[in-house]
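In what follows, a single structure is set out as structure tokens and then discussed.
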Amino acid sequence: MASQLHSTSKPTYTLAEGCPQQDPASSFSINKPGGGGLLLLQDTQLIETLAHFARERIPERVVHAKAAGAFGEFEVTHDITDITSAAFLSEIGKKTPFLVRISTVGPERGSADTVRDVRGWAMKLFTEEGNQDWVFNDIPVFFVRDPIKFPSVNRSHKRHPQTNLTDSTMFWDFHNNNQEGIHALMCLFSDRGTPASLRNIDAFSGHTYKFTKKDGSFHYVKIHFKTDQGIKNFTEAEATKIAGENPDHNVQDLFENIAKGNFPSWTAYVQTMTAEEAEKYRWNIFDMTKVWPHKDHPLRLFGKLTFNRNPQNYFSDIEQAAFSPSTMVPGIEPSADPMLQARMFSYPDAARYRLGVNYQMLPTNCPIGPVYSPMQRDGFANFRGNYGSDPNYVRSSFRSMTYAAGKASHDEWAGKTAAYSSEVVDDDFVQATALWKVLGTQPGQQGNFVSNVAGLLGSAIPEVQEKTIEMFSRVDAELGKLIAEAL
Ligand code: HEM
């Protein structure tokens, strides 16, 4: 679909320093009669053109490299002020603009959209109290619960260090030996692993966060966005076919639907839990491999999200966007989930590498309200005035600042230093088994699950296949048998 608009305005062509230039389609040379000609080093236009082209690429994200993006609006539909003081959630009808980026995780920037993978959902809400980022996935649980395993799980889903090929043996070997990921695997190998479009997925915080109030009270929460378009998935065969025919299927689908005014929307819900409930709960609420079943903690409706505008320029709006779970407004806080704590370090760290130390100044990342952060100075590409002559040290006598009220202390942090254990116990299989039973209530879904696993497992070495069958037998003995038969 053509997205370019013909413009009637005729800007004067210049170089980046603003100096007008002649036609950019010709280099400057000493012509020889009959063609050819020596180029001149003084042709700044040619040099700038080639030099800038060679520097057009920035590092792609180490994970979540391929994506579509959009702008939209979040609206509060139900009162939620009893559990959070966040200003953008303060009244029914209040609207907040946002930027969203939806990605696949493992493959590179040029890869096919319909591969079996988790979809990432990164959102930046531009609130009057600064930016609120929600960096979610389309499955409610994760493959590991100790952040030190994050690089490993991702590498096992990517390319083998020798062959440069994705590698089924490596994939299953990781999961056989780190079986806390079984619940996430059950999601990934159901047909939800190959969504029919980005408009047909849900998104989940996965982690437990906290909604807080100014009086110091708080609730633990998990946030869910449910698609108003309904869940629709491809089968493995459909996804594979489309990956060949149109690798950009999902990016195109989202862009075209927004362009023609068919704005997709999602309903926002929150699950809540008090600290007392959390202490006695059946599951560790800081373990990202577990959900809170809805029957224990029902979904509470609070908002609506609508995508209503396409990016104007993909690189500037979407590729240069940087999201982080650490970007939070007052009224929303992290929990002690170790994965979340590690992510709060990792994303700004990744952005400093990928976009530079002043990445928050890029227009796409800029909050709508004032920013006064004079303890962050200088650095590459600092283009926002750098706080002029204002003091660059704390407690200066020469310019006073006003400060937000100190955060109430919500948790008593107690404990002793210990290695976080991700030993796997039978209890880790209970929710996976429940999901297998849910698939049994949906026609054809258990069969698809088995053939989806067998499709990838078929090319692993026999020893790894056996261990994977054992792992799925812990979910359900019949499931293990079915996979073995399907190989
Ligand atoms: C310890 C665990 C994790 C670590 C260390 C981690 C780290 C990262 C890194 C380094 C990036 C690339 C960021 C960039 O270059 O701008 C990224 C992207 C992303 N991650 Fe994670 N991640 C973790 C777990 C998760 C989980 C549990 C979720 C979802 C609940 C998630 C969702 C995403 C999304 C949606 C993106 C894409 C962000 C964008 O569109 O720019 N990640 N992650």
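One-based numbering along the chain as shown.
The backbone N, Cα and C atoms fix where each Cβ goes, glycine too.
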Can you identify, from 1-28, 197-224, 309-336, 365-392, the stretch that TrEMBL calls region 'Disordered'? 1-28
Between the Cα atoms of Tyr347 (heme binding site) and Asn137 (active site), find the distance and write it as a whole number of Å. 15
What does DSSP call His64 (active site) in the simple three-state scheme? coil
Taking only the residues in the domain 'Catalase core' (14-402), give me the average pLDDT of this model. 96
Return the count of C-beta atoms lying within 10 angstroms of the C-beta of His64 (active site), excluding that atom itself. 25
Please report the distance from the Cα of His64 (active site) to the Cα of Asn137 (active site), rounded to the nearest angstrom. 11
What is the Cβ neighbour count of Tyr347 (heme binding site) at a 10 Å cut-off, with all protein chains included? 19
